[in-house]
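Asker: Here you go, one structure.
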């Protein structure tokens, strides 16, 4: 049953198709007829036919047995594309209208032409172009033509059965148009292939080189090459290759190496390639800075500069510049230069190598500092027994000064940044070798400085003793260890300064004032200077004798010795001496009473001044005659109504006397002639009480008043002689 249904459906379908075909036949346009079919391009065939009335378009069909390609066109001619080259196709055409399409036309065969060769072109040289291609299907030969792209000039055409062809004798750097096609056995040409190719440029000419020695770079220039788009400059050495590229006709290469020889070549290039290298030009750069520079000071004031030889160095120049700005140089083809130098300078040294290219780059700058200068004007401003102060002018290059004083065994040093030094703790009267060395941190001490000999001042003498002789001369003795010294002893006190000198160990001075205290010192002096004073020794001179020695008779047996106290004297001893004996007193006063004096005797009075330390001065003596003895038995007698005689008994020896009567009505005096023992007073009032004193008169005329006084009453009654009544002695207050 199932099989019967399928058979029924098949039948119905067939019937519908037949009906459709009948309907088409009734409405389709006419079948077109192909006039011709031909191929001009390898992937298409063009068909020509007569127009079919009512047709709105046409369907072209190309079949090669493997593929069917259809193309809808509007009218004749029409072209079928997308075909294979060199392939035989069967071409049919159908007309199409709104009612449908016609049956296919009778077929017509047409074959596509050969494919165009695929070109590969290059310019192996500046005057040639190489054209290459792969084999083309069904091709038996090829035609290749070339001409300038600008249309100028002629066309050069070549036929070949090969797959490559070279055109020569072309113009360098010129753009050419190349056209090629293949043909088949019937001589029918295929598609052509066209491309442009430029010949490579010629190598640049007239290369110029300009070298900048300071920057180690070189600038290159050349004549422009026809058709060149770019240029490349190559600098080739044994160790490196440097290049620069440019579209211009000049170029600069930096970072060249010193001391190197370069071969310089220039390539021109365009889209075809590069030219051959130009003829190489040689470039020698400046020499490198010399190395291993050594600086030595062979001897003070002479610098030697050496260095290593360098490649491409024709000669050398060494520059030496001092830190004060002064610069000197030397030219040499050797590797050493010698320069004069001065102490205390820092020299900056650079060495350059030279050749035709110029000066080498600046290498390391070396500095060398010479030893500092030695002080030359050492001046001792103070030389004492144990110390020397020296100064000098600052010297160039010195940062520190080292001063050494050597006496053969001992060394005394002082270091200071100042140009002065005080050497202490030295030995007196000693010859020292004193050297001032200048020092710098870089170079150390200048050990070539000249020493100076300085002798310290003499040692201080030691006073051993100070003595006095009988003539009041002061003798000073000392001890000293100095050589060739002169000694000066000085006694200084409030009353002045006294000196004596000697080259020995003692001297004597006189004329020192009495009663003075002195400080005695001794000083030694040599050409080196003066010593410190010795320790002082006190000296006290004997006290001065007092002045104004006066002897006064106080009583008949007592005298008073007085004086003006002398300088420094603390006590005095007064001595009264005669053949009868001696009387003495010791007192700190300026007077002294001496008793037990015998009247009428010649005495010698002496005075001695004694200081607090016991020094005594025997002062000069003087004679003193003691007063006459007081008279004895003094009596008054009446002489007439108004006169009185005074009578006495003279003591031993001769003496002059004076008589005085003291009453209420006056004083009455009489002086007897020499040798008499009475004296008369005339016209004395009676009726009064009188004090009567008879006194010896000294040789000076001084009346002595220490004799006893007597009181008498003189009455007015009785005879003319009257009575004189003794009333007794008068008491002395």
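Glycine is no exception: its Cβ is also placed from the backbone N, Cα and C atoms.
The following feature annotations were taken from TrEMBL:
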DOMAIN    28-115  domain 'Fibronectin type-III'
DOMAIN    116-202  domain 'Fibronectin type-III'
DOMAIN    203-288  domain 'Fibronectin type-III'
DOMAIN    289-373  domain 'Fibronectin type-III'
DOMAIN    374-459  domain 'Fibronectin type-III'
SIGNAL    1-24  signal peptide
Asker: Need one number: mean pLDDT over the domain 'Fibronectin type-III' (203-288).
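Answerer: The average pLDDT of the model in the domain 'Fibronectin type-III' (203-288) works out to 91.
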Asker: For the domain 'Fibronectin type-III' (289-373), give the DSSP counts of helix residues, strand residues and coil residues.
Answerer: 0 helix, 46 strand, 39 coil
Asker: Under DSSP, the domain 'Fibronectin type-III' (116-202) has how many residues in helix, strand and coil?
Answerer: 0 helix, 49 strand, 38 coil
